[in-house]
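Asks: Handing you a structure now.
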Amino acid sequence: MKNFWKISVFFCVCSCLGPWVSATLKRRARFPANSISNGGSELCPKIRIGQDDLPGFDLISQFQIEKAASRRTIQRVVGSTALQVAYKLGSNVDFRIPTRHLYPSGLPEEYSFLTTFRMTGSTLEKHWNIWQIQDSAGREQVGVKINGQTKSVAFSYKGLDGSLQTAAFLNLPSLFDSRWHKLMIGVERTSATLFIDCIRIESLPIKPRGQIDADGFAVLGKLVDNPQVSVPFELQWMLIHCDPLRPRRETCHELPIRITTSQTTDERGPPGEQGPPGPPGPPGVPGIDGIDGDRGPKGPPGPPGPPGDPGKPGAPGKPGTPGADGLTGPDGSPGSVGPRGQKGEPGVPGSRGFPGRGIPGPPGPPGTTGLPGELGRVGPIGDPGKRGPPGPPGPPGPSGTIGFHDGDPLCPNSCPPGRSGYPGLPGMRGHKGAKGEIGEPGRQGHKGEEGDQGELGEVGAQGPPGPQGLRGITGIVGDKGEKGARGFDGEPGPQGIPGAAGDQGQRGPPGETGPKGDRGIQGSRGIPGSPGPKGDTGLPGVDGRDGIPGMPGTKGEAGKPGPPGDVGLQGLPGVPGIPGAKGVAGEKGNTGAPGKPGQLGSSGKPGQQGPPGEVGPRGPRGLPGSRGPVGPEGSPGIPGKLGSVGSPGLPGLPGPPGLPGMKGDRGVFGEPGPKGEQGASGEEGEAGARGDLGDMGQPGPKGSVGNPGEPGLRGPEGIRGLPGVEGPRGPPGPRGMQGEQGATGLPGIQGPPGRAPTDQHIKQVCMRVVQEHFVEMAASLKRPDTGASGLPGRPGPPGPPGPPGENGFPGQMGIRGLPGIKGPPGALGLRGPKGDLGEKGERGPPGRGPKGLPGAIGLPGDPGPASYGKNGRDGEQGPPGVAGIPGVPGPPGPPGPPGFCEPASCTLQSGQRAFSKGPDK
């Protein structure tokens, strides 16, 4: 089967929490605020002071007071005139915003503070901050204080030395009369000037100011003595403007007319004749965002729409849950030799394979010593062989390992009996005896000479993660996320084009001309007049801001199935299936003639190594055999250290495999062996389960509503994605039928001897084996016909070998002992004769292999039924229309009544919403 790179590195997606602001009630309800940072190093641009296009920052928008009113957290009230709206801030509300979201680089050196407000009740006698910036410890850095006890206003600021400086404006009784007032402070480099109701009160010198700490909060309406307590007052307008001279140009037309006792009024005369049309008025300002409408009823299912354009590739989805096992794919041709893998852990022993039988071939290169296999079943008693001559004394055997004893940490209570010790070193080779008759399989004999190459060792466990693979195929577009919370206002943008003129007001009836009266005493300021006739088309207005995204509509009913799409590209290979159950072994047939090479069979699991047979005499060297069919992929060899990549040599003719050699002692854990050959890809697996819902994305820009489309043509295949996370390792399946014998691969580079395991590692391995096989060993100890073996003693010095005795009866199978320490790799044995070609096995059931790569993106699904959501907010203002043809000038009329226009609200603010002195009702 085809091998895939495995990767075990997970990519974590950190979702960033957006900035937060709060307006907390006594139950601590929070209101988010909008950031006004322009992203630069300073809050205000360095351009000529005195222009109305300098940016300003509406604190009512920043503190989300309008949204709080729509939630009925605070109350909307009538403002200074019937055309104005104000907000009544009670003592149960706490408006505060992190300073870093408003002024990340601090306040500018020069600016102005403007507000229209009214105090009532007990607030007239309190000492409180209408606006204040605190540091992280709650200490004041900048603020405007109103003192009802001393009838004064104070501007506080942080000096260069960090101390709090104050400029106090005294004797202001007219401010504390429960009426609407407009308070403005122009902060310049060396002075602070107070304006009340557009009248300049006083200018006081101030010292150089220090930089504020942006880690604190900006608050509204707090007591000076207890900054945690809010003060009730009514707020219509509050603005921070980059022009310190803005208060000098402000008007107070929105304030009610004040009639004093020192003024007299005359009767108002009749209206004059209609005056001529006035000059074009200034461009109107965008209106405030409307309140979200209620969700509409669920609409009926819509008809299937036309095919839509192919969607853009979606972001990679989260790793899905492991899919079901797929069917075993067809066997592929052998791949090129891959790079040497990392060191693997010992794998689960495989079942024993069927012995092969082939034409004897030339001796192969010496093979590495295999890992010790389990004890095989005792065979029937063989015929007695001829007695050979006594051999010479063998050399002393190595000392055995110290056995466990009761009380040892590995077996604190009682140690299980150990297995028989490993055989000693081979003795000197005796004289060649007469050839005996072929006997039945006998019990295990003395350890013979170094055998031929043994069977492949156990499959190692998964190694460490390999290098990062290629980028994965783009995942399917995820479901639409829920509506996110409204973010902060964006940064101030460039100055937009002027807006279109407002709607024409109703023309008033012309009045009759009255008799000219005597000149009277100058009257008080008149009330605003009716709007004049429509002027010429003004310049285009500023584009309005995007509205808040509407609530998602209810899920519609499923639409009708669309027409079948085009045939897609071939899918990626699926997950290998689970191996099938072991078939019933057939009767042994007669040896047939060598057959033609068959088709490549599926790879079977490595079998358990059987007990070594008696070493027979070496036969004459046979002729080279014909090239056999490619066999199944072998198990990983003894790992060696990663060697340098050598130049590939010319492939030699593969020789037949040698006879299995005697199992050697278990060697130490070696370095990783070379990577096996790459197999063919498997069949496409079943679709995996749907992944978890992704994190909520940021709200996207408002788009136009399009017609639902039918599935489009399949797009090109995306970039290959990262390999998925490897699923949990399944249990070993039953042994499959033996595959055809494959050609022996080129011998790998001989690695250096492995490092000896540490004592701690040996104890861990022994403890794990004891825990896994303790039940089995305990059951074996209870057999009535077998006595429990004692603890292994220290081996004594070997005596001279005696003459071989008669073959005795086979003994019972011993208790499976603890695995020994892995011995050093043995020398490669001679290549044995090639076995007979076995019959091709039936196709096994689905195997279970590593998780395959994600499948290609499927075709777009059928469009869902149309549904009616909530009424959305008004769309953005369209582009200005083409100016019309100028009309014929009319005859001049008499002067009309005074018009009403609020210069502050008619001013264009770059990148900001309209800074009117209060939203219209």
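We number each residue from 1, going along the chain as drawn.
In case you wondered, yes, glycine gets a Cβ from its N, Cα and C as well.
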Asks: C44 pairs with which of C198, C242, C252, C411 in a disulfide, per Swiss-Prot?
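Replies: If we follow Swiss-Prot, the cysteine bonded to C44 turns out to be C242.
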Asks: Would you mind checking which of C16, C252 shares a disulfide with C198 in Swiss-Prot?
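Replies: Between C198 and the options C16, C252, Swiss-Prot records the bond with C252.
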Asks: Tell me, what is the mean pLDDT of the domain 'Collagen-like 3' (358-403)?
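Replies: Here the predicted model's pLDDT, averaged over the domain 'Collagen-like 3' (358-403), is 59.
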Asks: Counting only other Cβ atoms and using a 10 Å cut-off, which of the disulfide-bonded residues C44, C198, C242, C252 scores lowest?
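Replies: Candidates: the disulfide-bonded residues C44, C198, C242, C252. Fewest Cβ atoms within 10 Å: C198.
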Asks: How many Å separate the Cα atoms of C198 (disulfide bond) and C242 (disulfide bond)?
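Replies: C242 (disulfide bond) has its Cα 18 Å from the Cα of C198 (disulfide bond).
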Asks: Do me a favour and check the Cα-Cα span between C242 (disulfide bond) and C252 (disulfide bond); whole Å is fine.
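Replies: C252 (disulfide bond) has its Cα 20 Å from the Cα of C242 (disulfide bond).
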Asks: Return one of helix, strand or coil for C252 (disulfide bond), based on DSSP.
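Replies: The three-state answer is coil.
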